[in-house]
Amino acid sequence: MSRPLTPLLDCVLSPLDLRALPASDLARLADELRAEMIDVVSVTGGHLGAGLGVVELTIALHYIFNTPDDRIIWDVGHQAYPHKILTGRRDKIRTLRQEGGLSGFTKRSESIYDPFGAGHSSTSISAGLGMAMASALKAEERRNVIAVIGDGAMSAGMAYEAMNNAGALDARLIVILNDNDMSIAPPTGAMSAHLARLVSRPSYRHLRERIKLFSKKFPKFFSEQASRSEEFARGFLVGGTLFDELGFYYVGPIDGHNFEHLLPVLKNVRAYPNGPVLVHVVTHKGKGYAPAEESADKYHGVNRFDVVTGKQVKAQSTRLSYTKVFSKALIEEATHDHKIVAITAAMPTGTGLDSFAEKFSDRMFDVGIAEQHAVTFAAGIACEGYKPFVAIYSTFLQRAYDQIIHDVSIQKLPVRFAIDRAGFVGADGATHAGSFDIVFLATLPEFVVMAPSDEVELMHMVRTAAVYDQGPISFRYPRGEGIGMDLPQRGEVLEIGKGRVLREGSRVALVCFGTQLSEVLVAADELAAEGISTTVADARFAKPLDKDLMRRLAREHEVFITIEEGAIGGFGAHVLQFLAQEALLEHGLKVRTLRLPDEYLNHGSPEKILSRVGLDAKGIINAVFTSLGYETRKTLQI
């Protein structure tokens, strides 16, 4: 299929070109930009619906504000594809989320038009406030700072912390509330747009401030009544009372797809001399592409798809994903135990808990984008004798670390953590990599940390977590499919802190924590063909370690290598520390720890990246050869 014709967009190489266009051309530009984005994502995959919903808003912001001197901060970054196309990156847009290509999110190192990197939710207002106050400290600068945040991201407490601070500082900050869920939106018709234009005019705001000053000359009772009356009238007509309470001047709601509404309001807001303002813009997720409009949840993040039919291209496979195996196992356990409940932070589909909710709706809790609350909420449930499973991506669990320590671990509450997307995740890059959970959980006293090597082991760990009541317990598993094992109806209960040996050898011990075990077994086969006798062990637990197994392997082998898909300081570090304490390193044992490198890994194919960092079979074999002093095998027939 040929690419769409975009003659007007072809002339826009930067926001300078955009600002040279007459306003009458912007609607046509929006159509072309939307067509280009649909065509791009149909080839690359990525986040579609959010970007389609902000095409007009993106154009309007770059048209009215002097970017990059004025700062536009996109919360999360899912919606930033139109922004990237308009800011000089169109020639690379078809490399989106590919190794060496454009990031799927905003990224400071990628463009001067990306003043702040994103990937996680609800950070934009805090970052914007910091930039606004820095600008205020530079007396010669008068820079506009605009934070664009979705209504979903407003469920996170950090957004309100920032707004409360901005109001207290009376900071010159513009927040665009992109309301694409219609959850808090009053009517957005002609009257609403007219009122928004009216109250956004500097003259109206100036008059309002003068009346406030004048009212202070009267007794306090009269000034308070006047303020309440004005607040009630504005709230009744255009909403925004909550934001007024936080110290923001509220404007809206306005139609985020109508330039006649957007441009005058943004122009008026740009002229405000001081104080924070919130512009409430109502948009439609997936706007302009029927399949995405009709099924916003299915077109939030997409694989490659057919533009005409909207049908997504998915590889045919009989293997279940680890997420689906977890969901199946949890449902099975919940069938046997009415005290099991499931908790997610706005990711029911991504974590597989949507299936759990279909069967146990009263035991499923989606708390919104509120990871800190999710963990302490689970702690409260555990206090009452129930068995909470917090299903969460590894990268998002980082946001609740204080709650894990203070509210769960110190109190030894039996909260179960099902950690999805562990390890390198691929196209979403550094902001979404699940690299650190082993490190930050295994350091906590009496915190059980598990990782399955395959789908059956995952089922065992779900059941083990369900019956474990002595304190917090976690298990981590990657994005993607398992290795295709036949699954039992129900998992088995594992002995805490005990690993297993899959192969016995005499010279080299390969100890794996997690799903790289399949690569370890391939490596062991190749080593055996080279005459190197190899033991393969599945650790199962990073904490508590199987100390008896570690001692035996250290005493009986010449080389001891740990393998994990996690950061420095994880499983291998715990093993090494144990061996040192046991004086098992003093008699010539050669120890190597294979792990993710000490760097943030950018987006790319997981297979290619893991091969590059030495976590595939070839990398494991090379580690063995170098440990033994052999010449490294550059080309291996695997």
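Each residue, glycine too, has its Cβ placed from N, Cα and C.
Feature annotation from Swiss-Prot assigns thiamine diphosphate binding site to H78, G119, H120, S121, G152, A153, N180, Y289, E371; the stated evidence is sequence analysis. The secondary structure of H120 (thiamine diphosphate binding site), as reduced to three states from DSSP, is coil rather than helix or strand.
Around the Cβ of D151 (Mg(2+) binding site), the number of neighbouring Cβ atoms within 10 Å comes to 18. Here Swiss-Prot flags D151, N180 as Mg(2+) binding site, drawing on sequence analysis.
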Just how many other Cβ atoms lie inside 10 Å of the Cβ on H120 (thiamine diphosphate binding site)?
21
Starting from the Cβ of H78 (thiamine diphosphate binding site), draw a 10 Å sphere and report how many other Cβ atoms land inside it.
23
If I take the alpha carbons of N180 (thiamine diphosphate binding site) and D151 (Mg(2+) binding site), what is the distance between them in whole Å?
7
Give the distance between the Cα atoms of H120 (thiamine diphosphate binding site) and D151 (Mg(2+) binding site), rounded to the nearest whole Å.
14
